[in-house]
Amino acid sequence: MATEGTTHHSRDILPEPTLHRLPWYLAYVSLLRAAGIEYVSSTQIARQINVDASMIAKDLSFLNIKGKTRIGYEVTSLEHVLQDFLGFKVGHNAVIIGVGSLGNSLIQDSGLTNYGLNIVAGFDIRPDLEGTSICGVPIYNIDELHRRLPALNASIGIVTVPVERAQEVSDLAVKAGIKALWNFTPFRITAPKGIVIQNTSIYSHLAVMYNRLGAGNTK
Ligand SMILES: NC(=O)c1ccc[n+]([C@@H]2O[C@H](COP(=O)([O-])OP(=O)(O)OC[C@H]3O[C@@H](n4cnc5c(N)ncnc54)[C@H](O)[C@@H]3O)[C@@H](O)[C@H]2O)c1
C-alpha cells in the first residue's frame with residue numbers, strides 16, 4: 001500500500017458526496033478509538049463500511065492528514081481532524097421553530113451537541129408553551145423571534161412546523177436574521193440567495209427504499 005492520500009486543503013470545493021461520507025468514517029474511527037485501536041488504513045475502513053478504498057483515500061485527501069505506508073492513519077488524529085474539518089467541534093447555535101413532537105425530541109437529543117449543534121431556544125405559536133422550557137431550553141412565542149435572535153446568537157433555524165407552515169416560518173426566520181435552515185418538513189422550502197438550506201425529509205428516503213425493495217434491488 002502506498003502512502004495514504006495526498007493533501008488538497010481545498011475545503012471550498014469539497015464535493016457533496018464526500019461531505020456525506022466523511023461522517024461515516026468519523027463514526028467508525030470513533031469506535032476504533034474507543035476500542036483502543038491505534039492505526040487504521042483506508043482498506044480497513046473500506047471493508048467495514050462498504051465504500052471503495054480508493055474513494056476513501058480520495059475523500060480523506062481533502063483533510064490535513066497523511067497516513068503512513070502500510071500502517072494507515074493514526075486513529076486519534078484522524079478522529080480529531082475529521083471532527084474539526086466537519087465543523088463538529090465548533091458550537092453552532094440553533095433555534096427550533098415548531099416545538100411539537102419532533103421539535104421536542106431534537107431539543108432533548110443531547111447527541112446533537114457532539115456534532116457541534118447547540119439548540120438555544122424554541123419558538124412556537126402555542127400560548128401554553130410560551131415561558132416554559134425543555135431541558136433548560138427556553139420556549140418563546142414565534143412573534144418574538146426577530147427581537148430575541150440577536151441575543152441568542154443563532155444562525156441556524158430548525159424547521160419543525162406542520163408542512164403547510166414551512167415556507168412562511170422560513171421567510172420569517174430569514175427576515176429575523178437566520179442564515180441557514182435545516183428543514184425537516186416534507187415541503188421543499190426556498191430562500192433568498194446566500195441562505196443555506198438543508199432539506200431533510202425522511203419521507204424521501206422512504207420513497208427510495210420502497211422503490212428499491214419493489215425492484216428487488218437491496219443495494
Ligand atoms: N414527528 C416526527 O418524528 C417527524 C419526523 C420527520 C419529519 N417530521 C415533520 O416535522 C414537522 C413537525 O412534525 P411534528 O410531528 O413535530 O408536528 P407537531 O404537530 O407535533 O408539531 C408542530 C409544532 O409546530 C407548531 N407551529 C405551527 N405553526 C407554527 C408557526 N407558524 N410558527 C411556529 N410554530 C408553529 C405547532 O404549534 C406545533 O407545536 C412536520 O412537517 C412533519 O412532517 C416529523
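Just so you know, glycine gets a Cβ as well, placed from its N, Cα and C.
What TrEMBL records for 24-63 is DNA-binding region. Annotation comment: TrEMBL describes 87-188 as domain 'CoA-binding'. The feature NAD(+) binding site is assigned by TrEMBL to Gly98, Val99, Gly100, Ser101, Leu102, Gly103.
Sorting each residue of the domain 'CoA-binding' (87-188) by its DSSP state yields 37 helix, 29 strand, 36 coil. Apart from Gly98, Val99, Gly100, Ser101, Leu102, Gly103, the NAD(+) site neighbourhood in this chain, defined by C-beta within 8 angstroms of the site C-beta centre, holds Ile96, Asn104, Ser105, Leu106, Asp124, Thr160, Val161. Summarising model confidence by region, the DNA-binding region (24-63) averages a pLDDT of 94. Across the range of the DNA-binding region (24-63), the DSSP-based residue counts are 27 helix, 2 strand, 11 coil.
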